[in-house]
Amino acid sequence: MNSATVRNLLVRGMLAGLAAGLLALVVAYFLGESRVDAAIAFEEAHAHEHGGVEAVSRTMQSTAGLSTGVLVYGVAFGGIAALAYCFALGRVGRFGPRASALLLAAAGLVAVYVVPFLKYPANPPATSDPETIDQRTTLYFLMVVLSVLLAVAAVILGKRLAPRLGNWNATLAAGAFFVLAVGLAYAFLPSYNEVPKDFPATLLWQFRLAALAVQVTLWTVFGLVFGVLAERALAPRTAAAGEEAAHPRAAAVPH
Amino acid sequence: MAQSVAQPTTNPTAVPAKLPIGAIVPWAVFFGILMLVLLYFVGAEQGATSVVAGEDVHEWVHDARHLLGFPCH
């Protein structure tokens with residue numbers, strides 16, 4: 001029964017992730033693609049060595065390729081978030097299935113994307129040095145892992161402090177811990193700024209805003225859709241838990 | 001009592017029962033790794049590291065990689 005619930009939530013999480021990916025894809029296509037094209041036009045105008053045969057045409061990259069990437073990303077994070085939800089449910093605070101889903105999505109957006117983004121923002125084509133791809137990749141994933149671990153640590157810390165400080169102050173303390181730890185990571189990890197001097201600042205800004213919009217769409221839609229799906233999957237458990245709290249003996253009655 | 005069982009969603013403040021950790025772990029390990037592999041292929045394959053030779057995977061998900069914020073060439 002418990003294992004079946006986990007499987008149920010996992011499947012629903014991946015479906016919600018797919019739905020979220022579809023909407024994020026719309027945002028990426030309409031807000032993002034024109035900026036990618038503009039950046040590639042800049043790249044080609046300044047190219048020294050480029051001009052070989054394209055393995056994948058721009059049309060395919062901006063449609064089928066973009067769809068593959070964004071949808072797989074949505075499904076993958078939907079699944080991971082659903083598993084995190086299974087752990088968090090009933091353990092983090094007294095939140096119902098829908099509130100839990102939305103809170104988890106908000107935490108996912110901040111920990112998985114916004115925190116790493118503020119240090120290593122999304123870059124359009126033509127603004128990074130291919131020579132540093134190894135370091136940039138390592139540091140980006142390190143920042144994501146660190147941010148997620150710190151967020152989990154902050155939640156556990158908040159839970160531990162709650163009995164002594166009360167929920168409000170414990171949440172503030174946990175938040176302060178997270179901000180401080182992230183600030184330290186920002187201060188000590190190296191930064192990269194490889195944007196060419198004459199690359200349009202407006203284009204860079206718009207590209208990064210579009211990238212942020214894609215993620216905000218993805219996680220918001222995921223939180224809302226998964227909340228509804230999870231609530232349905234959990235309905236018997238919620239009822240049973242409510243019954244048990246109200247009438248401890250009634251929980252023994254099968255239904 | 002029978003009513004609240006028949007309409008479980010009418011109580012929005014009800015908190016669902018915890019899922020035992022032991023029931024989650026097998027799913028989390030297997031599907032967690034599977035999902036991370038998918039993310040690796042979208043986000044990093046044929047960038048800093050390559051499992052499949054060539055540039056095709058990178059080129060195919062090129063725009064998604066930029067717009068999802070992954071480091072790219």
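Yeah, the Cβs are placed from backbone N, Cα and C, and that goes for glycine too.
According to TrEMBL, the feature transmembrane segment maps to A:9-31, A:70-89, A:101-118, A:138-158, A:170-189, A:209-230.
Only sequence-distant pairs (6 or more apart) were considered; of these, fewer than three Cβ pairs between the transmembrane segment (A:70-89) and the transmembrane segment (A:170-189) are under 8 A, so the stretches are not in contact. Counting only same-chain residues 6+ beyond the ends of the transmembrane segment (A:170-189), those with a CB under 8 A from a CB of the stretch are 115, 118-119, 139, 142-143, 146-147, 150-151, 153-155, 157-162, 164.
Outside the transmembrane segment (A:138-158), and at least 6 residues removed from its termini, the chain residues within Cβ reach (under 8 Å) are 88, 92, 107, 110-112, 115-116, 119-120, 170-171, 173-175, 177-178, 181-182, 185, 189-190, 192.
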